[in-house]
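*Asks:* Take this structure first; my questions come after.
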Amino acid sequence: MPYPNERPRRLRRTPAMRRLVGETSIEPRHLVLPMFIREGAAEPRPVPSMPGVVQHTAETVRKAAVEAVEAGVGGLMLFAIPEHKDAQGSGAHDPHGALNATIHEVVSEVGDATVVMADLCLDEFTDHGHCGLLTPDGVVDNDATLRAYEQMALAQAEAGVDVVGPSGMMDGQVGAVRAALDSAGYTDVAIIAYAAKYASAFYGPFRDAVESSLIGDRRTYQQDPANIIEAMREVRLDVDEGADMVIVKPAMSYLDVVAKAREIADVPVAAYQVSGEFAMIEAAAANGWIERDRAVLESLTSIRRAGADIILTYWAVEAAQWLHQR
Ligand code: PBG
């Protein structure tokens, strides 16, 4: 009677055995919580397409930041929705503007207990919704936008941010931001660069969350989902320009890009599990079609398995709390 020579099932027999041989783990410190703040809001406002996610007020963001610290998350990534938007996105570099004021508040609340990061992009601040400044013909002007990012980086550094996250996919943005920070003496402010950021349909709910008024699309600056060689070029450029960490975004449909970035980059690689990925799992779970908590942990595990050192996820606090209970 022929027996199988190899029996992988032996290592799956008991929970203890499975625990012993598990290859991939997630710890709360690997998770970064994206947070939205709405300028002038009196009450936190739920984001309809992202169940459980709110636009915070200046008050509630502090509390939520403390809760995240208590859960042990590795970092916070701040986004703000200004009351007034204009063509230049001038709220972005206003020291009292929505984002810079929030950075200041959150940093004074949490100190060094976690890493405070901020999105460095104009799209939340411009009335046309693009990530950069427009020429009179409506084209995103790369180099004029770099000057705006430099101003924004300085305002965020002044507000006390630990890490800036340039996410506009302008050519040369990391180098420009690094030089501006250094020449103003902010040599300790780190850069997490959205290096491989795709023009993705999975950002849909985020645009609700930041009340984006985007006209057109972002395909002249965000990447084509078909391309991975180009993504490696973007990663190489950002590391050469001084990125301390790089991000691949979205995560779940781009795990090959995460894996390859982990191979070629000698800095920590983060993956951003974006709003649409979150919404899909929440919506399917709400219908009873999948088991929510298992699906969430499986998604995070797969992103880590692909090679992400850090995961930006709207489930950061909840997942961190589960991980403590295990
Ligand atoms: C740009 C930015 C976006 C997201 C994060 N930073 C939107 C975009 O590029 O269109 C999307 C995040 C998400 O979908 O969760 N400031």
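Cβ from N, Cα, C; glycine included.
Below are the features I grabbed from TrEMBL:
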- Lys197: active site, schiff-base intermediate with substrate (ACT_SITE)
- Arg207, Arg218: 5-aminolevulinate 1 binding site (BINDING)
- Glu234: Mg(2+) binding site (BINDING)
- Lys249: active site, schiff-base intermediate with substrate (ACT_SITE)
- Ser275, Tyr314: 5-aminolevulinate 2 binding site (BINDING)
*Asks:* Quick check: of the recorded positions listed here (Lys197, Glu234, Lys249, Ser275, Tyr314), which one has the Cα closest to that of Arg207 (5-aminolevulinate 1 binding site)?
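*Replies:* Looking at Cα distances from Arg207 (5-aminolevulinate 1 binding site), the smallest one goes to Ser275.
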*Asks:* Closest of the recorded positions to Tyr314 (5-aminolevulinate 2 binding site), Cα to Cα, picking from Lys197, Arg218, Glu234?
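*Replies:* Nearest in space to Tyr314 (5-aminolevulinate 2 binding site), counting only the recorded positions, is Lys197.
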*Asks:* Would you identify the secondary structure of Arg218 (5-aminolevulinate 1 binding site) according to DSSP, in three states?
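*Replies:* Where Arg218 (5-aminolevulinate 1 binding site) sits, the three-state DSSP reduction gives coil.
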*Asks:* Where ligand 1 binds, which of the recorded positions Glu234, Lys249, Ser275, Tyr314 are close by, with Cβ under 6 Å?
*Replies:* Ser275
*Asks:* Check each residue in the chain of Lys197 (active site, schiff-base intermediate with substrate) that is at least six apart in sequence and keep those whose C-beta is under 8 Å from its C-beta; list them in sequence order.
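*Replies:* The answer is Ser167, Met169, Gln222, Gln223, Ile247, Val248, Lys249.
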*Asks:* Rounded to an integer, what is the Cα-Cα distance in Å between Glu234 (Mg(2+) binding site) and Arg218 (5-aminolevulinate 1 binding site)?
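*Replies:* Just about 16 Å between their Cα atoms.
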*Asks:* Indicate whether Tyr314 (5-aminolevulinate 2 binding site) is helix, strand or coil by DSSP.
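*Replies:* SS state of Tyr314 (5-aminolevulinate 2 binding site) = coil.
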*Asks:* Could you check the recorded positions Arg207, Arg218, Lys249 and say which one's CB has the most other CB atoms within 10 Å?
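*Replies:* That would be Lys249, with the highest Cβ count within 10 Å.
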*Asks:* Between the Cα atoms of Ser275 (5-aminolevulinate 2 binding site) and Arg218 (5-aminolevulinate 1 binding site), what distance do you get, rounded to the nearest Å?
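*Replies:* Distance (Cα to Cα, whole Å): 17 Å.
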*Asks:* Does DSSP put Lys197 (active site, schiff-base intermediate with substrate) in a helix, in a strand, or in coil?
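*Replies:* DSSP call for Lys197 (active site, schiff-base intermediate with substrate): strand.
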